[in-house]
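According to Swiss-Prot, the features are:
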{"type": "BINDING", "residues": "GLY29, PRO30, LEU31, ASN32, SER33, GLY34, LYS35, SER36", "note": "ATP binding site"}
Amino acid sequence: MKFFNREKEINEILLILEEEPNNIYFIYGPLNSGKSTLIREVITNRLDKSKYIPFFIDFRTRNILNVDNFIECLFEVDEKSKIDDFREYAKSLADLLVKGSEEISKYYLGMPIKVPKPFFDRIFSKRDKSADVYQYIEYLFAKLNEKGKKPILIFDELQMIREITLNGNRLLLWSLFQFLVALTKVQHLCHVFCLSSDSLFIEYIYGKAELKGGVDYILVDDFDKKTALKFMDFLAKQKNINLTNEDKELIYSYVGGKAKYIYDVIVKLKAVKDLKYILETKLEEERNHLEELLEKVEEDYEGINYDEVLEALKLFKDNYELPKSKIKRKIRIFLIKENILFLNPQKGTLKPQSYLVWNAIKRML
């Protein structure tokens, strides 16, 4: 599927890249709102490759239980290299990256950070591994800057390392943040973007005083109604499907502006033809999920009070968005963790993760 819209967010990111690095940027939003698709579009189609080199670290599909797993995710080992001095290797890697895009073009979104095997093995022989890791990345990025290339470091689903500690006490996440602040705000060596669908994690970051002045946020929300209807036209043309204005209004009334759901509905429409049936099926699936969750709560799931959950959900019968203070902290955290509600920490508001969830709440209650 061709990329659609998001020009506002794309232009914001491109303007950030034109300036000297000064912040860690958190790209966040509801589930399936298009965060990864957005950064993919920027990196693959909008980026001036003569100026930038993207590095992409994907925590989404990795089981990261300790610092060793983190390092394995961070680096790609050059098994053929016998170079023991990381500075020598970093210089040669920087030369390779600057001379041509052949090495980069192998990677769809951005390359991992390559290290020579002797250096990688030496890291794992030490108790405190983070110092060597950070020193190598800093040196590599400094060399790229010297050659006129600005690195872009992207972390997908960074919250996956939230609980990992260094040597049993200090959190890896805060060690990493200190390093990233040094790379951006202090040394201006690289741009950093962190993607996350976990709004509790974003709230956690947002509330940390030590990060203020060193981080900023980009919200990738579901489409507004006008954009959602245009997206339906865009897809209908691609899929050679005739959608009436009534059809589009009906789709929006069920799934709102969530691009993934709109896409799923229109793709199914090619085979099923019955739009109302498709939408009702999706809604019933969501309602069943909510009903199952409430049944577990009624049986004392995680010590959550059933009546308090019901009262919280009832607040959304006539409201799509509410101040987070309207719902007790314990209850809202539970509903956010269960992907029923989405928290916007910048506005201090809560809303259902999607129109589909909102409709399921209203239908159940």
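Glycine is no exception: its Cβ is also placed from the backbone N, Cα and C atoms.
Structural mapping of features recorded in Swiss-Prot.
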residue : record           : CB count, 10 Å
GLY29   : ATP binding site : 22
PRO30   : ATP binding site : 26
LEU31   : ATP binding site : 16
ASN32   : ATP binding site : 18
SER33   : ATP binding site : 23
GLY34   : ATP binding site : 23
LYS35   : ATP binding site : 23
SER36   : ATP binding site : 19
Compute the mean position of the Cβ atoms of GLY29, PRO30, LEU31, ASN32, SER33, GLY34, LYS35, SER36, which form the recorded ATP site, and then list in sequence order the other residues of that chain whose Cβ is within 8 Å of it.
SER197, VAL220, ASP222, LYS260
Could you check what DSSP calls PRO30 (ATP binding site) once collapsed to helix, strand or coil?
coil
